[in-house]
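Report on the following structure.
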Amino acid sequence: MKFHVLTLFPEMVLSGLRSSIIGRAAEKKLIAIDAVNIRDYTKERHGKVDDYPYGGGAGMLMQAQPVYDAWQAVTGGRKLRTVYLTPQGEPFTQKTAARLAGEEELVLICGHYEGIDERVLEETVTDFISIGDYVLTGGELAAMVVIDAVSRLVPGVLSNDASAETESFYNDLLEYPQYSRPEVWREKKVPDVLLSGDHRKIAAWRLEQSKERTRRIRPDLYEKYMDKERLICRLSKAKRENIHMIESLHRGKGEILYADEENVLLYDPGCRLCMISAKNREMGQKLLLLIPKDTVLFVTSQSFLNELICSGFSCEVYHECVQVCYPQRQSLPVRHKDIRLLGPEDAEYVITHYHMGEPEYIRERIQSRAMYGAFVEGELKGFVGSHDEGSMGMLFVEDSCRERGIGASLEAYNINRICERGFTPYAHIIVGNDVSLSLQRKLGLYASSGTIWWLGKKE
Ligand code: 9D3
């Protein structure tokens with residue numbers, strides 16, 4: 001990932017990002033930071049880049065010409081995502097960082113003095129970002145904050161250990177206190193439970209500490225956490241019917257847009273997916289008004305919502321599915337021994353044999369460590385994976401290797417990995433696919449009594 005920083009103080013930006021993890025990532029060429037001095041592009045004498053604001057007011061403004069020419073030199077006419085760091089921007093959050101991390105190249109413009117001539121911003125900027133409600137002397141530190149937060153999401157920048165931290169709705173909580181050696185320091189002892197070796201008790205203690213801290217320091221986050229916890233609890237009364245919503249919340253992907261005793265609207269911004277459950281048409285109509293405009297996928301639990309959504313969002317119904325889930329915790333036996341995580345070098349094979357997803361989606365699934373392959377005499381012969389929103393799927397075994405339990409082994413392997421991360425494995429089986437449904441039943445998964453519908457925006 002490449003960052004182009006347009007600034008009057010390139011050395012400030014470079015020196016701040018030379019050390020530690022980000023410095024190492026640049027050395028390893030996982031990221032590149034190109035700091036461009038806007039002053040090099042002025043056409044005026046003495047390197048002048050600022051002037052008085054029309055209409056009067058305190059201070060100076062950066063002029064349009066040097067900023068625009070520096071931007072042109074960097075983009076060379078390409079449509080690069082361009083961020084302007086400004087107190088008038090949208091608040092920078094982890095979500096913003098995740099979205100920016102999807103880009104190959106990013107331009108960051110740092111203002112100084114009182115800001116930049118509005119006209120050049122209109123011509124160049126795609127995202128206006130503020131890093132918080134306090135006043136800095138310029139955009140450079142803000143750009144460094146953005147580069148740091150985005151870079152650590154680039155694969156390989158963090159050690160596998162650190163990046164494996166599982167996403168879950170616990171992420172709405174602040175972290176618990178941590179302790180290292182010595183056991184006693186200035187007569188303060190490490191809490192006994194951490195020395196007990198009882199991992200269940202340790203996890204419970206840490207969760208309690210996290211909740212207590214969050215309630216005290218960030219009541220806003222605590223409310224959000226408790227809302228999700230209460231909804232998970234309510235949905236769990238019909239686990240097989242609601243597993244898609246339960247797991248979306250549990251895995252920290254779904255946000256609650258509406259929830260009461262009988263109606264739920266969840267939104268997963270990563271998948272641009274809405275999950276809707278309404279008790280009747282009237283409530284369905286109400287929920288429809290809350291659906292974000294950029295939604296492209298819908299899951300509904302009631303068929304009467306299909307036509308409502310289709311007419312409201314020009315959608316079509318893709319599938320009617322039975323949900324199956326594996327709420328037991330026990331790991332399943334895996335008969336086929338040679339199963340492992342797939343890497344980028346396996347993408348071609350999967351793309352050739354799986355036709356229900358775009359090649360780009362498959363590559364992303366592999367990159368996200370969500371796909372496993374079965375090997376026979378060292379050769380890839382089948383695969384399985386998890387979809388973006390959480391359900392298991394994409395099962396394939398070559399004809400030449402059928403009837404050897406490889407499909408069941410792949411499924412069992414996938415289920416075990418999901419359980420290890422503390423989540424509940426589940427899948428959507430298209431109504432009528434009895435072969436798949438009986439395999440799920442044989443593995444010990446439970447089927448829902450009702451069905452759900454997948455809908456998508458028409459192109
Ligand atoms: C008199 C008007 N000033 C507001 C108090 C304008 C002003 C302009 C530019 C104040 C500070 C700055 C410099 N700040 C940034 O460029 C900046 C920033 C910030 O100050 N806080 C949070 N995020 C950001 S991103 C860029």
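Backbone N, Cα and C atoms are what each Cβ position is placed from, and that goes for glycine too.
Annotation source TrEMBL lists S-adenosyl-L-methionine binding site at G111, I131, G132, D133, Y134, V135, L136. Look at TrEMBL and you will find 337-459 tagged as domain 'N-acetyltransferase'.
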Review point. For the binding-site residues listed here, G111, G132, which shows the highest count of neighbouring CB atoms within 10 A?
Key: G111
Practice item. Tell me which binding-site residues (G111, I131, G132, D133, V135, L136) have a Cβ under 6 A from ligand 1; sequence order is fine. Key: G111, I131, G132, V135, L136
Check your understanding: Mean pLDDT, the domain 'N-acetyltransferase' (337-459)?
Key -> 96
**Study point:** List of residues, in chain order, with Cβ under 8 A from that of V135 (S-adenosyl-L-methionine binding site) and at least 6 apart
**Key:** P87
Review point. When a 10 Å sphere is centred on the Cβ of D133 (S-adenosyl-L-methionine binding site), how many other Cβ atoms does it contain?
Key: 7
Exercise for review: Sort the residues of the domain 'N-acetyltransferase' (337-459) into helix, strand and coil with DSSP and give the three counts.
Suggested key: 47 helix, 40 strand, 36 coil
Study note, to complete from the structure: For the binding-site residues I131, L136, the largest set of other C-beta atoms within 10 Å encircles the C-beta of I131
Review point. If one looks at the chain holding Y134 (S-adenosyl-L-methionine binding site), which residues at least 6 apart in sequence have a CB under 8 angstroms from its CB?
Key: none
